[in-house]
Structures are given as C-alpha cells and as structure tokens.
Amino acid sequence: MRHRSGHHASTRAASRARAATTDGATSVTVVGTSSCPHCKRAKSALGEAGIAFDEISVDDAAALRAASSALAGFRSVPQVFVGGEIYGGADDTCAGIESGDLVAKAREARERGMDGAPRALREASEAFANGTLETPKAPAVATSSSSSWLTKLVNKGSNEAGDAAAVARAMAATTGGVTRRTERRFGGLSDGVFGLVKTHKGVFTAKDAVDWMMKNGKASTEEEAARLGAAMVRERLIGDVDATHAFRVVDAADAPLFRFRSEAPSLGCAPLNAANLYVGQARDAKIVAEDVRGRILKLYDEFLSDDGRAVDYDGVRQSDGFKDFVEACEELQRVNLNALSREERMAFFINLYNALVIHGTCVFGTPKNTLERLDFFSKVSYDVAGAVYTCDDIENGILRGNRPGAATIGALAGKPSLSRGPFREKDPRRNHVVLPMDPRIHFALVCGARSCPPIRVYTAENIDRELEDAAFSFFESEIDVELSENGDATSAAVSKIVGEWYKFDFGDSDAERLRYVSKYMRQGKHREGLLRALDEGKDVTLTTRAYDWTLNDGK
C-alpha cells in the first residue's frame, strides 16, 4: 500500500512541476491511482504547464477514495483540487490549462496561501496514513462447510506429493515404465465440434498404472496404488485426456485414458506460464493473484508514458521485472480455486485476465486486424489449477456466466441463445463460473487497445466499490447525449461494448441499456434529459462510437 501526500509526490511529472516554480508552494492536489492513464495525462499536463502540485494516492485505499469522491462529487480519477475546491478530472484539467483558467486559479490560490486539497481531505489522508480511517465494509460472504472441508482435503493430499512424484518419474521411464499405447475414441472434450473419432497417443488407463505400481513394488495394495494415482492427478503429474474423469480403476474397453503431463501434445498456443512445471504446494490463490497483479501493475506503471497514452511493451518485455513476473505466473498452475467465494473469483479472474493480455502482448506483439484479434483472445492462455484458460475462456466462460462470445454466430445474429458458452457440460472449469453475471466486469477488463478501460486493482473485499468506480470512470468518456431544444435526449452514442458486442448483458432493449448507462453519468442536463425522455417513453436513438483498436504502445 502506498500513500503520497503533502510535498512528497513521487511522479516524474510532479518533480518537473515543482522544479518549474520558485517557492515550491502547491495549491493543486491530484488524487489518483498508479497505472491510471488519465491520472498520468493530467499530471503530465500540469507539469508541462509549470503548475506545482502534490499527489494523494488512493491505491488499495477504498476509504480514502470514498472520502475524496464525496468531496469531488464524482468517483472516477483523477480528482484535481485547486485551492481547496474540486476543479475536475483529466479532461477538465487539460482544458483549463489550455484556456488559462486553471493556471489563473492556481496562481491566485498560491498567492493567497491556499492548500490544494480541502481540509477534510487532508484530515482523511492523515487518518488513513495513521490507520484510523474506517474502511467501508463489504457485505459478509457466507462460507460453506464444504469449502473448508475441501481445503483440508487438498492440504492433506499434498503430503503425498513427494511419493507421487517419485513414483511418477519411475513410471514415466522409457525403459521399465508403464506401457503407453495409441487409442482411438469417440466423444470427449478433445475431439471436434461434430464428435468425430479422436486419436490419443501415449496413453494408459488407471488399471495399467495400478498394475505397474503393484508389479514394481511401488504399492503394497491396490488401494495404496489408487491413492498414489489420485495424488499424481492432483499434483498434475498425469491427467485424463478429456479432463472429465477422476483416477479410478475401471476394467472396461472405454476406461478413461491418462497420459503424463510431460508427454501431452501441445495444441496451438501453449499456456504462457507453463514453460516450467511448478513444483510444490502453491500459496492461497488470492495471495498468488495479489503477487501476479502487483508485479504487472509495477511494470505497467514503470513503462506507461507520462501522458498516460502509451505503454512501452518492448521495454516491459526486456526488463528484469518481466522475467520475475513470468516466473511468478508459474505458481498459478497449482492454486486451489475451489475454496474461493464469488467475490474472490471475480477479483482473481479480472486481475488474471488483465495480466494475461499484457503478458500475451509482450510475447506475441500486437494483433493487426480482426482475424488476428480473434486468434489472440482465443489462444493466449494461462495454466490455472491444471486447466487451460484463454482470454475468451476467462471473459465469456468465467466472468460472463458461460455466455457465448461476441464473435459467435448467435451473438452476431442478435440471438445469443443460438450459440453456447465456451464450457461444455462436463468441463471442470464450469465449477468456477461467476453467477449471477455482473455487467460491470466489462469496464474492468483490459484488451490493450486505446478504447479499453485502464488497468486497475481489484480486491475481493472491495469488488463492488471498485467495479462501480470503473463504471463511472468508463462512462466519463464513453457516452455522448444529443439534446433537443426543450432539453430532452434524442440520441445517445455509447461504446460498442454496451451498444453492440455485449448489448444483451446490459438489457433486452435499447431503452433498458440507456437506463443502465444513465446510472454512471455525471449529474447535469445530459443525464436529466436522457432520463426524462426515457421516463416519458420518447424514442432515444442508441448508436455506437467507433472503437479504437490501436494498441496503446505509442507506435
């Protein structure tokens, strides 16, 4: 957690701003978060204009952000205060500098010895630094006894990891190991859309493995051998080819097939965190996600330009920090997702998605057209808890409640029910689907394009507030309302995310979608005109704004 206030702003823009003044007085205060491009843009503009400012960071500070938002009158960041009064956000700041209005107000406030932040904000900032500012409490999440039992079971099973690994190494030996064969089967997750025959190479059954362990003295009873086999599956040393069966001895022609993970074929793009097998017990999934998120945010902040408009992905890829980040991602292979609450799953997978997109962009570069974008989001993946998750799997399968993606036939035809979500009935990833779906996740997911939301921090404890903040911030620049002479709305242009690609996530009609959007508009004539027109049943034309797919890499 970082707290910066007073005369200790640490940004490069702040340093330039202070250097440009003679007395170091700061009559301007910027409240913001790290890695926020709008915050960097505002600070860069202030620095270039020679306006001294200090900064209050609200990273991981829900209570402090709530206090600042109450004083500002809006929830998005940055919140720029001049002489103790709110001036506005990034657009307001840049416009005020260009017109000279902000420059004049800052000079007047400085001459009168006025602080940038209101006294109430300074007091809240000091209370937060001292640990006495009350943090808003999230609704209590009921814990289930089954989750506690499952966690204990997984921890108990991890004690067998060493024995299972040793037996698996011997069993996988080319000479003297278990006999592998080639099988042709119908059905299963691994075959095509039409259920054609699939050829599986290098496979064996649970019975083959148990017989081998008994014959080679690795287990004294079939029960002990079966426990070792189950431990191998849990430790991800071996796996069912269709990811649907437990390790169970079945003496039948259609017995489930297993193979060694090291011998599994690579289909398409291998998971970015699977170059090395993570050995040992993983930490709590929330802690691992915090670690991964913190590392990618640090890189993002370091290589985000001062104006907040571009990320130096080449610099990220070549940095030592990126190598550490890639290594940290390997632990995701072994995390336990089963004990996570709904809020914890949301935060975990939002942060994971954003890290995966940045990771994939650094490794593979920029998708240059629609087909390449479809390929990128459907193939770039992580290995999480023994299952492969692509960007599409996380967005459409987990966070959208296993709904069809925007590029499916049903979605394109305006009838999503014609298509299915990415997870089939027996897919174990369905166990982690977030229900009910929260449309605000769309304002939290980063795709690397200029029209995407900025990357943020999401935590289970404050997920509702953080998603609300993301929604308010998103619609700061993603809605244009046209008013008639009498002040009623006649049309509204929104992001394609809301009005086209995922429109059914926001309502069944344009009127419902616009009413949803209105919740996140600033108070004023445009919001009032839109709500009045909707309440009176008037037609308001919904259009979509052009989506800027240009990568935010400054090239």
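Just so it is clear, glycine is given a Cβ too, placed from its N, Cα and C backbone atoms.
Nobody curates TrEMBL annotations by hand; they come from automatic prediction.
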*Have a look at 1-23, 139-161, 507-529 and point to the one annotated region 'Disordered' in TrEMBL.*
1-23
*Could you break down the residues of the domain 'DEP' (203-262) into DSSP helix, strand and coil, giving a count for each?*
25 helix, 10 strand, 25 coil
*Check the domain 'DEP' (203-262) for me and report the mean pLDDT.*
87
